[in-house]
Structure formats: structure tokens, C-alpha cells
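Step one of this worksheet: look at the structure below.
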């Protein structure tokens, strides 16, 4: 009997092409599954999932596959969104997409796959998995502009055992071409960007609904003079340049640190200012796809779009954290962000960055 693959369909072109490829090129029975993680709609309907679900219906109809919907709104709020708010209120810059992958897409969704009798879960992530003969390892996607292994570095290894990433070896251009050729209803749909529960709204206007504004000083760290005011230190992240609204300087201003107790945002002038660069950090909440003891040197990404940085991993007596020492200074290392570790194409694992918020 042919095995069953459940496709996580978002209503976008990527997951639509995944369903199409599995339906037309494999013997699997294909089922579509739409996951709803957010209930609230703002007055403009910017966070509405209705249009996405309609697109899933249209593509499933084109492919003649059954489809279902599941709501994890309650669990998402508890496991992802509540933590997002807690971390931001403390001054950290969390990555909810990494947490969503670990807690929702590759945990709760996996349980739903089993309920539907599925043998595999397929998603539209631009990642690859090594063959079973080599052991199950997460690899970068072939298209460096779309590689999403960074967002899966916190996902438990066992959660990937039955996962398929059909797009991992393709470029986005190729995926679009397949959608056009197949005349899929989502072929022309634009990619979604940003944090899913914020939608197209300005980040600040969304966050202030949940974390109260508290005005404070913006201080030039070098002169220790007050140069401006802010509405909440939690709105600012290390390395940020936009939104400071500070004039009177030939050099651009960058956020270099925060004092959450005193509600102060510190800035420096010039992108080459030494306080913007650090050579070490601590990584906590670690997740490994390989034995961590075997890792001494590797490369790391300290944010999604950053370049790989060569580094040394210094293990401690605490299994829950490691010290990371970079070969060269790295700009704007941000507490709360995700760090992903690599050995060439292989993702070794990841963790959460812990560094001082105050300049030093």
C-alpha cells in the first residue's frame, strides 16, 4: 500500500508546488493540511488567514487532493507569542519563527500528521536532509538566497525523521516556473515576509498593544550626553540605525546597548565604531543535530541574513551553554537572537545568544 504524505499548505506558492510535485511525481497519497496559528484580526484585516485558506482550497481542488485545517492558536499564544512578549519586555530580540518551527510546525503539527494516518510531513522550507545512509542531518538549501536552515536550527533532531523538503535542492526561480507551468492558483502570489502575527502592520504599533510605552533617554555612549528621547527601550535592537530620529551628526547613529533598569538606549556614531563589534558570546538553550563534544571549530550565523563567521566552540561544565569565540570581530551581536552553527553545508545545531546589553 502506498504511503501517505501530509503537506503543510500555507496558501503560498512554495507549499503549493510541494503538493504538486508529490502528487505528480511520487506514488504517495497526498493530503493537504492548513495550519492556523493566529485568531485575531485587526480592523484592516491584515492578519486574516481567510485568503490563505481560500488559496489552499483552490490548489487542493486543482490537484484533486483532500485537505484539512487545524488551529493551534491557543498553543501558539502559549508557546511562542507569550515568550516573544516576555523576551521583548526584558530588552531581548527573540526570533519567533525559530520557536514556531520547534514548538508548532515540527511538534504539534507532527501529531496531527499521525492522526491523519500520515507517514511523512512535507513542507516548503528551503532546506535539505542528508540520506539515511549518512545519518539524518539538516543541510542548507541549495539556493543561498532562500536557505532556511537557520530557522530550523532549534528543531529537535527526532522531529525531522519523517520530514520531506522537496524544494531544498531548487532555486526560487525554478519553483515559480513550476507553478506557472502547472498553472497553480498561487503561481503569481507574492511571498510573505516578516513575523506572521504582525502582518503588514508597523512593528511598533503592534507591540505597543501588549508592552506599555515607557519614555526614556537616548544617550551618546562616548560623551554620556542625552541626545534624544524614546518611547520604550524594548523597541530598539543592537545595531539598529533607523527610527532613532537623531540629527546633528555627520556619521550615522547606531544602537549599541540598552540599560533596561534605567530605561536608557545607548548610541554610538559611525558604523565602524569598535563598541558595535564583539568577538565572543554565550549561546544557551542549545539544540544539536550532532554530538556537541565533537565540535571545536565551525562557522556560525548570528542572524538570518548575516554572513558565516568562523568561530571556536568552548564547552563548559554546563551542558546548557557554550562559549563562542569568533576569529574576527562580529557586528551587532544581539541578545535573544538565534545563532546557528555550520560545518560547510551541514547545520550542526543552534542556540539563543546571551551577551551583555550594556556596551563594554
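Cβ atoms are placed via backbone N, Cα and C, with glycine included.
Owing to the predicted nature of the structure, the values given are computational and were not obtained by experimental measurement.
All chains included, 25 other C-beta atoms sit within 10 angstroms of the C-beta of residue 100 (active site, nucleophile). Residues or ranges marked as active site, nucleophile by Swiss-Prot: 100.
Marked as active site, cysteine persulfide intermediate by Swiss-Prot: 196.
Residues near residue 8 (ATP binding site) in space but far in sequence (CB under 8 A, at least 6 apart, same chain), listed by position: 15, 33, 35, 105, 109, 121, 122, 123, 124. Following the DSSP three-state reduction, the secondary structure of residue 8 (ATP binding site) is strand. Positions annotated as ATP binding site by Swiss-Prot: 8, 9, 10, 11, 12, 13, 14, 15, 35, 124.
Taken from Swiss-Prot, the feature disulfide bond covers 100-196, and the record attributes it to sequence analysis.
The site 'Interaction with tRNA' feature in Swiss-Prot is assigned to 125 (among others). For residue 125 (site 'Interaction with tRNA'), the number of other Cβ atoms no farther than 10 Å from its own Cβ, over all displayed protein chains, is 27.
Per Swiss-Prot, site 'Interaction with tRNA' is recorded for 337 (among others). Listed in sequence order, 93, 94, 95, 302, 303, 352, 353 are the same-chain residues at least 6 apart in sequence whose CB falls under 8 Å from the CB of residue 337 (site 'Interaction with tRNA'). Annotation note: residue 337 (site 'Interaction with tRNA') sits in a coil segment as assigned by DSSP.
For the recorded site, residue 35 (ATP binding site), the DSSP three-state label reads strand. Between the CA atoms of residue 12 (ATP binding site) and residue 100 (active site, nucleophile) there is a gap of 18 Å, rounded to the nearest whole number. You'll find the Cα of residue 100 (active site, nucleophile) roughly 13 Å from the Cα of residue 125 (site 'Interaction with tRNA'). Least packed by the Cβ count within 10 Å, out of the binding-site residues 14, 35, is 35. DSSP assigns residue 125 (site 'Interaction with tRNA') to coil in the three-state reduction, placing it in neither a helix nor a strand. Rounded to a whole number, the C-alpha distance linking residue 125 (site 'Interaction with tRNA') with residue 10 (ATP binding site) is 11 angstrom.
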